[in-house]
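Taken verbatim from Swiss-Prot:
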type    : residues                                             : note
DOMAIN  : 1-97                                                 : domain 'CRESS-DNA virus Rep endonuclease'
MOTIF   : 6-9                                                  : motif 'RCR-1'
BINDING : E37, H45                                             : divalent metal cation binding site
MOTIF   : 54-75                                                : motif 'Nuclear localization signal'
MOTIF   : 84-87                                                : motif 'RCR-3'
MOTIF   : 97-103                                               : motif 'Nuclear localization signal'
BINDING : G172, S173, D174, G175, G176, E177, G178, K179, T180 : ATP binding site
Amino acid sequence: MARRYCFTLNYATEIERETFLSLFSQDELNYFVVGDETATTGQKHLQGFVSFKNKIRLGGLKKKFGNRAHWEIARGSDSQNRDYCCKETLISEIGIPVMKGSNKRKTMEIYEEDPEEMQLKDPDTALRCKAKKLKEEYCSCYDFQKLRPWQIELHAALMAEPDDRSIIWVYGSDGGEGKTSFAKELIRYGWFYTAGGKTQDVLYMYAQDPERNIAFDVPRCSSEMMNYQAMEMLKNRVFASTKYRPVDLCIRKLVHLIVFANVAPDPTRISEDRLVIINC
């Protein structure tokens, strides 16, 4: 199983040649190049190199492209293979050949080419790449349903500019009102989503991108351990994240902060004038 292959296809007619080439989908390729050659015997053939986004077995290649082409796992660099394929006539080229030692390749591209290799060499980076990929897939497929009355009220509140004090508290004691569904929908718009937790854990995660709007989606089981401290620190836009990589953050940009909860806020632990309460 590999991503990079060389192939040769002997053909007799233009239709046969074009039919084979039409089987390559640009969405599946990192890089693709193919040239047209004529052997000393007069036999016309395609000489190509392809770098797929995902690994594929030889059996998979034959299933997709048929049995007539000859396939081999590629050796050498993309550029070396390109030179070999273009000795006579270049027919098609998709993408840019990757140079060994080039810094142009993004970390995500390297991860997608071989996740297992990155996991062995740099597990922390691999974990972050996987999380980013999963989030992108989640955001692209999540389908929100028709808004309920309280969700329309919340949406209207979010259309206003955020201030430096208000915390929007969405409260519904029964459950099943759509609080978590709305909170998850906000992820698609770049919001920071958290279920709460220890103050420094929350601050550390938020500090990775400290200009995001914030959604606390508090599980019912955590209602008695509501972290008002973290909520106020994030809303105040000045805090210290001391976990792993200590940093003091002073942020000018104001953000919305929403708490989705099964309980009403405790007035002994947070100033009532901060609160904008929306009942489900």
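In case you wondered, yes, glycine gets a Cβ from its N, Cα and C as well.
Known features from Swiss-Prot, placed on the structure.
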residue: E37; record: divalent metal cation binding site; CB count, 10 Å: 15
residue: H45; record: divalent metal cation binding site; CB count, 10 Å: 17
residue: G172; record: ATP binding site; CB count, 10 Å: 17
residue: D174; record: ATP binding site; CB count, 10 Å: 7
residue: G176; record: ATP binding site; CB count, 10 Å: 9
residue: G178; record: ATP binding site; CB count, 10 Å: 18
residue: T180; record: ATP binding site; CB count, 10 Å: 17
**Fill in**
For the motif 'RCR-3' (84-87), the distant same-chain contacts (Cβ-Cβ under 8 Å, at least six residues beyond its ends) come to 33-35, 37, 47-49
**Request:** Out of the binding-site residues G172, D174, G178, T180, give me the one sitting nearest to H45 (divalent metal cation binding site) by CA distance.
**Result:** T180
**Fill in**
G172 (ATP binding site), DSSP three-state class -> coil
**Prompt:** So, in DSSP terms, is H45 (divalent metal cation binding site) helix, strand, or coil?
**Reply:** strand
**Request:** Determine, for the ATP site, the additional residues of the same chain whose CB lies within 8 Å of the mean position of the CB atoms of G172, S173, D174, G175, G176, E177, G178, K179, T180; present them in sequence order.
**Result:** N262, C280
**Asked** Distance between G172 (ATP binding site) and E37 (divalent metal cation binding site) at the Cα atoms, whole Å?
**Response** 71
